[in-house]
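Once you've had a glance at the structure underneath, I'll fire off some questions.
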Amino acid sequence: MAAPKARALGPEEKDECMKIFDIFDRNAENIAPVSDTMDMLTKLGQTYTKRETEAIMKEARGPKGDKKNLGPEEWLVLCSKWVRQDDEEEILRAFKVFDANGDGVIDFDEFKFIMQKVGEEPLTDAEVEEAMKEADEDGNGVIDIPEFMDLIKKSKNALKEA
């Protein structure tokens, strides 16, 4: 498994991450020992190889960071990676459900089925076709996994802004 990329955390996500950090900040010194990282990862349901963990830790600490301890900022960098990974796994599971024939793409009929189920009112074929054109970034007539992830992320962002 490749180390996930970081993403910005919302206020609630930051609060949750810091609650976990506080558990590992045993002496209330605003630090958590790096040696506990594997334990932290396991308790959070994350499974990385030792090499992946070292790469994540190196990125979180930065070039001049403390090699033995993590501060709150470094912890939030780590947390942002896990949150993004969970989001992507959830989107991938949804994609597999919507890809009814399992061919790795969502075609017009599968997309129409999705749009009919999530919309409040039934859409016409023309409306579905227009929505599909917007989601189909490369114009090949189907929606692949990266396009589906972009579609979901855009939808989430639109809902947050509304």
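Cβ atoms here come from the backbone N, Cα and C positions, even for glycine.
As annotated by Swiss-Prot, N-acetylalanine applies to Ala2. Marked as domain 'EF-hand 1' by Swiss-Prot on the basis of sequence analysis: 12-47. The annotation domain 'EF-hand 2' is assigned in Swiss-Prot to 49-84. Under the heading domain 'EF-hand 3', Swiss-Prot lists 86-121. For Lys96, Lys117, the entry in Swiss-Prot reads N6,N6,N6-trimethyllysine. Among the features that Swiss-Prot reports, Ca(2+) 1 binding site is placed at Asp99, Asn101, Asp103, Glu110, with the record citing sequence analysis. Here Swiss-Prot flags 123-158 as domain 'EF-hand 4', drawing on sequence analysis. Summarising the annotation, Swiss-Prot assigns Ca(2+) 2 binding site to Asp136, Asp138, Asn140, Glu147.
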Tell me the Cα distance separating Asp103 (Ca(2+) 1 binding site) from Asp138 (Ca(2+) 2 binding site), rounded to the nearest angstrom.
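Just about 18 Å between their Cα atoms.
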Residues near the Ca(2+) 1 site, Asp99, Asn101, Asp103, Glu110 excluded, by Cβ within 8 Å of the Cβ center?
Phe98, Ala100, Gly102, Gly104, Val105, Ile106, Asp107
Between Lys117 (N6,N6,N6-trimethyllysine) and Asn140 (Ca(2+) 2 binding site), how many Å separate their Cα atoms?
24
Other than Asp136, Asp138, Asn140, Glu147, which residues of the chain come within 8 Å of the Ca(2+) 2 site, judged by Cβ distance to the Cβ centroid of those residues?
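Close Cβ neighbours, site residues excluded: Ala135, Glu137, Gly139, Gly141, Val142, Ile143, Asp144.
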Indicate whether Lys96 (N6,N6,N6-trimethyllysine) is helix, strand or coil by DSSP.
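Where Lys96 (N6,N6,N6-trimethyllysine) sits, the three-state DSSP reduction gives helix.
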What three-state class does DSSP give Asn140 (Ca(2+) 2 binding site)?
coil
Report the DSSP secondary-structure composition of the domain 'EF-hand 3' (86-121) as helix, strand and coil residue counts.
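Secondary-structure breakdown of the domain 'EF-hand 3' (86-121): 24 helix, 1 strand, 11 coil.
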Between the Cα atoms of Glu147 (Ca(2+) 2 binding site) and Lys96 (N6,N6,N6-trimethyllysine), find the distance and write it as a whole number of Å.
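Cα to Cα, Glu147 (Ca(2+) 2 binding site) and Lys96 (N6,N6,N6-trimethyllysine) are separated by 14 Å.
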For Glu147 (Ca(2+) 2 binding site), name the DSSP secondary structure in the helix/strand/coil scheme.
helix
Among the binding-site residues Asp103, Asp136, Glu147, which residue has the fewest other Cβ atoms within 10 Å of its own Cβ?
Asp103
